[in-house]
Amino acid sequence: MSDRKYFGTDGIRGKVGENLINPEFVMKLGWAAGKVLAGSGTNKVIIGKDTRISGYMLESALESGLSAAGINIGLLGPMPTPAIAYLTKTFRSEAGIVISASHNPYYDNGIKFFSADGSKLDDDIELAIEAEMDKPMQCVASDKLGKAVRIADAAGRYIEFCKGNFPSNLSLKGLKIVVDCAHGATYHIAPNVLSELGAEVIEIGTEPDGLNINRKVGATSMKAIVDSVIKHKADLGFALDGDGDRIMLVDHHGNVIDGDQIVYIIARDALKSGKLKGGVVGTVMSNLGLEVALSTLGVPFERSKVGDRYVLELLRQKGWSIGGEGSGHVLNLDAASTGDGIVAGLQVLAAMLNANMTLNELSRGMTKFPQTLINVRFNEGDTPLDAQDVKNSVLEAESALGERGRVLLRKSGTEPLIRVMVEANDATDSRKWAEHIADAVRKATGQ
């Protein structure tokens, strides 16, 4: 496969107004995507966004480019990323487009695409779009231009979809749940789903102003929801990220339950009910404790590259359904075509009710190995992973840990970061060797 010029592991992402995330580029991207999609069926796409203020500007630019290529557009407004995947299928669209930078700050934004079946766009289609980007932009004839319409009932459709993934014989009545929507795209969705299923809902992170998405709230900033769960004596907490494709949970003691533990709980419930297809897929970053816990249950476990698109690819290759990442991307292909934070949370709630256990009790089935993750920022053009001192530091750590741990060093697919991960059966060793490697990376970048 050719190297990608614009698309990263999760679409196109960057700082608003710079490089790729500006009106001119995004209009051209819309046109190029329209050229690739044109003539393939309905000539219709849908566009949704999170709550960043730049979403309005980028939505208009995409709309203009797509229209120039003869594509009709359905505008969803603020909607979770998994909702756009689902609605792409239900509206029989050629593609769904998401304007979001997920868990990043408000000044970043991005564009990613879903195919007609609600899955991430294939690599060859992304490459075809990139090829069109290098051609001069030309409008179709005036009578062939696309039109845009606002879709009024999108939120209600998705709320019903979420509720449909919760067993009809179960109820959340009697449960007190804190839900943190990160001032993001789920702010008008998740509280309604939980309350309509019977829960008492306490909301935080549900007042977006265009600038506060992911700011000290949500799945990447857990203090707010931990404090709220304890303050309100809630049974558990849901923490979603800005676009709703990942979730972290909090038990009634205030312990954070991460994506690896969520995958374990969902897989265990599926196994107990006879619905587990084969095994489970994690990534090279998944905690060794997940692999050990699943092995105890007799469940096979495979690791993919980091990124939910690669988890999805391996699930499809294996014919399995359940997988995810520690960061809270959780997939269950029996329920949704992509990672869905709300649906994953509902599946954990169903597992609790089926087992008549608290979240804390369920999570004890998996013992996490101490894992230290350090992110080191690097400048464009630097190649710290090629530095001999960095390579030597990794070899030293691997030699010292032996079979008691593992080391992973990788470049982020979405940000200029080197991710240093060390896992060991002893927390002190994990921290010591992660710091050792991170120091070598910092020196290699001139820090």
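Yeah, the Cβs are placed from backbone N, Cα and C, and that goes for glycine too.
Since we're looking at a predicted model, the values are computed, not measured.
Swiss-Prot annotates Asp241, Asp243, Asp245 as Mg(2+)-binding residues; of Ser93, Ser102, Ser115, the candidate listed for that same site is Ser102. For the recorded Mg(2+) site, residues Ser102, Asp241, Asp243, Asp245 set the reference point as the centre of their Cβ atoms, and the other residues of that chain within 8 Å of it by Cβ are Asp50, Pro80, Thr81, Ser100, His103, Gly184, Ala185, Leu240, Gly242, Gly244, Arg246, Gly341. Taking the Cβ of Ser102 (phosphoserine) as reference, residues of its chain lying under 8 Å away and at least six apart in sequence are, in sequence order, Asp10, Asp50, Thr81, Gly110, Asp241, Gly242, Asp243, Asp245, Arg246.
Cβ neighbours within 10 Å of Asp243 (Mg(2+) binding site), excluding its own Cβ and spanning all shown chains: 34. The secondary structure of Asp245 (Mg(2+) binding site), as reduced to three states from DSSP, is coil rather than helix or strand.
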